[in-house]
């Protein structure tokens, strides 16, 4: 793997390499012995992903180059390619990029001599979010084979749905979609079921955020959306005992999910965020090692303190 | 003290614990042996407070997570509570928050398992600014008992006035207010005197900034405000020899104070900023120790170099 | 040199001190033993310069204080002077400033007790950009004497042209300008030649960016500008074998230069960015040593790893 931009062609073996490394990092601190520079280029808003990468980088002892789009030369018309080449020239060893185009990495990666991680690509993919979702499932069930995963909500505008649907299929899970009219996506071939079927069938209910900022008009009233298509308390009560709830956040409270369920017993929403740090550490270490920026024969490991 | 959000119920003993620790830190460097993550969540503009916390954190060897509101998920409607819980999940050990609501911490702190520092709450409180003001007075006078402190200016919109009035009263100082019509605050019970009485009576003149951004309309012309209600050079000449001038800054030069007085002999305005760093280091250390994130039995102290 | 704000009075000796120190830093890592705080105050957009300073600071082990204008007290009307004094009070040892005024440093530096580096002053000077341009030329030719340097483009709005014209003259190079009508600058006394003369005469072609953001109206159509005044592939083919192309970037691709030439064999555009890091490291070390913040007798050098 030269870059980490999509789950579409990720092998099962490679996914487990990441998941097992992430679990190792959760239990044991590790600092890279090299001075590694990472540029985080976020062209779209982010709290979780950006902060998660930032914590992951500091835990590994990396130097983070923060880039503020609004005060960058992008305001003077500079392209993504030239911005990326600039980071390379200035000494970055790794790029973490979120950008509004669905496939920005296709043209970018062939001309760069450093690894690129996709931290969100328009309505395309969000593969690091997928990996942390998978880690959360893996911690819970220890396997993916024959698990019923229902991805619920604004499938059409969701890069999270796409990355998870590909990877979960690779891992042998059964993927279903549940979506309100207008939120379905014709470009992916997975069976649609109703939200009421979903709550009873699923081992994992993977809720999505309604991407208001990608819609041209508000399509549903919040309360009626929850009642018709969201996870109400009544629906939650019909889920299997062992079934868990995931959501990539930020949550639209009272829309996709009843606000009281956000921190309920079967919710793993904040656990997902915690797992994001270890997952991103794992992906960065694996890429840096593959590119020769990190030499694992010179480890700097120590038992975790707290 | 589980959180540091208000001076209203701070004991005299606790205030002196902070002041004495701050003085110790001014004279002797100290780095925490643990890797501590702090998220600085500023929902309102700041230069001084944010940079001061940032320097304090680096001097202690902490990892600072900077949060840019404009590029965060707050733009997607995420609440303060969910943002704070996210920081907690991602690994923050301490939150420093400035927010436009007067009492944002009341609902926030009960559900978090990490300490919160109030770096400014609407027109409510600004307790770390208060502590650095107190340190500046303490360095000068060695006591607070029976000192005459006059807080002058836009009392009504000032969180600085409120935090100082409470704490100075606790410490035995005599607190007076001086304010132009329209700038008085009926919710606090302290005697009002005129600016001309104030300059002669005070040991400490604590000027406030006119909070233009919290006013609906500009209430006074700058020059006439200075002449009628501000600290002119003539008024300054009537102050007691030992009396000092404080201002939380940014200063509206030529409005609250004659521009030539900003760096005059009795001004402690830039000294306050320097003290802000040591005060905030002290508050953070005390909180982290209380929560068990910092273990003082493993100190990493060294004599200050410069 | 107390501050690094202009090339106008820089001696040849001082320039070579910087260039040779930069070359030394390119070949050998160096970390300062002291904890040094630098505030980067950028009042205008920047990717390259800001990131370059940031990398330079981290490579030297400095603590970077990032300042976001949009969320600072500048939005409350605070002046540059008060912002700079604040940084000084809070503990900064060095200021790196970009500001839209042409001569902001004239009033600022006399009242500060720490060194200031000009990272861009309106249409005035950009001396660190100049030093990295000089380093790139120095690496290529080993001398400046009698080299023909043609500075091409929007001379009138370019702080890069000004800083380079002064310093190159000091170093014994022959400086020419080439500019479209409306882009000439009457305040500098250098000979103007046509772009077609320029390509054949130059050892170094120093292209400038058209500063659209400083123009009141778009003066030229992009394509016709390239054909009439820019570096087309045809013109590039007429350059001397050893001649090189510089550009401070961001490049307006297809305007100042044919997009295919940006990474052509004689382009040093990305090399310039790499050199910017070493040049800025050199300038910072030299200033900090002169001010006594860095003591060179306590070096912390090590052979470069990668």
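Cβ atoms are placed via backbone N, Cα and C, with glycine included.
TrEMBL annotations:
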type    : residues                                     : note
DOMAIN  : C:2-139                                      : domain 'Aspartate/ornithine carbamoyltransferase carbamoyl-P binding'
BINDING : C:48, C:49, C:98, C:126, C:129, C:249, C:250 : carbamoyl phosphate binding site
BINDING : C:76, C:159, C:209                           : L-aspartate binding site
DOMAIN  : C:146-286                                    : domain 'Aspartate/ornithine carbamoyltransferase Asp/Orn-binding'
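What TrEMBL annotates, mapped onto the structure for a quick look.
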| residue | record | DSSP class |
| --- | --- | --- |
| C:48 | carbamoyl phosphate binding site | helix |
| C:76 | L-aspartate binding site | helix |
| C:98 | carbamoyl phosphate binding site | strand |
| C:126 | carbamoyl phosphate binding site | coil |
| C:159 | L-aspartate binding site | helix |
| C:209 | L-aspartate binding site | coil |
| C:249 | carbamoyl phosphate binding site | coil |
What remains of the binding-site residues C:76, C:159, C:209 once a 10 Å Cα-Cα cut-off to residue C:126 (carbamoyl phosphate binding site) is applied is C:159
If you measure every Cα to Cα distance among C:76, C:159, C:209, the residues said to bind L-aspartate, what is the biggest one in Å? 33
CB contacts under 8 angstroms to residue C:159 (L-aspartate binding site), restricted to the same chain and 6+ apart in sequence, sorted by sequence, are C:120, C:121, C:122, C:123, C:124, C:125, C:126, C:129
Residue with minimal Cβ packing [other Cβ atoms within 10 Å] among the binding-site residues C:48, C:76, C:98, C:126, C:209: C:76
Cβ under 8 Å from chain B, restricted to the binding-site residues C:49, C:98, C:129, C:159, C:209, picks out none
Cα distance (Å, whole number) from residue C:209 (L-aspartate binding site) to residue C:249 (carbamoyl phosphate binding site): 7
Tell me the Cα distance separating residue C:250 (carbamoyl phosphate binding site) from residue C:209 (L-aspartate binding site), rounded to the nearest angstrom. 7
Distance, residue C:49 (carbamoyl phosphate binding site) to residue C:76 (L-aspartate binding site) (CA atoms, angstrom): 26
Its residues classified by DSSP, the domain 'Aspartate/ornithine carbamoyltransferase carbamoyl-P binding' (C:2-139) shows 67 helix, 28 strand, 43 coil
Carbamoyl phosphate site residues C:48, C:49, C:98, C:126, C:129, C:249, C:250: biggest Cα-Cα distance, Å? 16
Binding-site residues in contact range of chain A, given that the Cβ distance is under 8 Å, out of C:49, C:76, C:98, C:129, C:159: none
The number of other Cβ atoms within 10 Å of the Cβ of residue C:129 (carbamoyl phosphate binding site), counted over all protein chains shown, is 25
For residue C:49 (carbamoyl phosphate binding site), write down the residues of its own chain that are at least 6 apart in sequence and whose Cβ falls under 8 Å from its Cβ; none is a fine answer. C:42, C:98, C:119, C:120, C:128, C:129, C:276
For the domain 'Aspartate/ornithine carbamoyltransferase Asp/Orn-binding' (C:146-286), what's the model's average pLDDT? 94
Listed in sequence order, the residues of the same chain lying six or more positions from residue C:250 (carbamoyl phosphate binding site) whose CB sits under 8 Å from its CB are C:47, C:48, C:209
By DSSP, what is the split of the domain 'Aspartate/ornithine carbamoyltransferase Asp/Orn-binding' (C:146-286) into helix, strand and coil residues? 59 helix, 22 strand, 60 coil
